[in-house]
Amino acid sequence: MAEQLSPGKTTDQVCTFLFKKPGRKVAAGRRKRPICNQESGDSSSSSDEGNTVVRPEKKRAVHNPMIQKTRGSGKQKVAYGDLSSEEEEENKSESLGVVYKSTRSAKPVGPEDMGATAVYELDTEKERDAQAIFERSQKIQEELRGQEDDKIYRGINNYQKFMKPKDTSMGNASSGMVRKGPIRAPEHLRATVRWDYQPDICKDYKETGFCGFGDSCKFLHDRSDYKHGWQIERELDEGRYGVYEDENYEVGSDEEEIPFKCFICRQTFQNPVVTKCRHYFCESCALQHFRTTPRCYVCDQQTNGVFNPAKELIAKLEKHRAAEGGGASGFPEDPDEDPVPIT
């Protein structure tokens, strides 16, 4: 290297030093320049000598949770013919996403008794509950019966008893199952639930108040109204539950049903009459309106010219006039108008 280059030597003998810069992480995903392109650029004059085979390089896998793909190594090996027969069989088995292995048995999965002998473990342990304490106490009492007191403390539940409890009408006191206090729950519990949507109310009695079966009818004789659970849930969802409760149980009086003014003239009744649709008018107002149309002034139903005397309203008016003569009038009237004479 220290020798000087003669002018006859070519520039190909000059040695150049290349320093590779450390690549940044950002450039890891960039496409690398294939080596064959550099070789082809150096020997551009000898491009006609032969064909070059370009094989794509395997890219470096970058961990990115947003990019997911299937395994493709087997496909690449098959494409280049580098896959052996053993690897082909392994890839065939791995190509299936889910593989189930049959047990070759017709029995259901799980316990053979389908959980009928499962132990209920939410209560106190069987060896520590009240029934176990009572049974141990009974056993100790049997051992100590007929013996003298040995002055040995055996616990608060194991004091020596000199009188044996007798059976009563409530049951056997020594069995422990009829005593006061907690009773041992069954260990093996299987619940059978039946949803009964039938109200079991006698339909004939509810609609008509009469049933041909009488007291022998097995259904309930009740004429009150009930709502099923799904009806209450629907009202809760729609926001209508309990809105009209006061109106449903409100008892209306007769005075509220009978008006105190004529619907046509808006004045106090003069010879009141009532139609078939239970609307009250003055006799003159009803006849005058009938000349225009035979329909009711309030509900627009056909009256057919039938106007009956309003006996109930006349009795109310007489009652209020009598009360007014005594100094107490509860009938609402205009103060400027005189009492209506009933003819």
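Placed from the backbone N, Cα and C atoms, the Cβ positions cover glycine too.
Of the listed segments 167-195, 196-224, 225-253, Swiss-Prot assigns zinc finger to 196-224. Across the range of the zinc finger (262-300), the DSSP-based residue counts are 10 helix, 7 strand, 22 coil.
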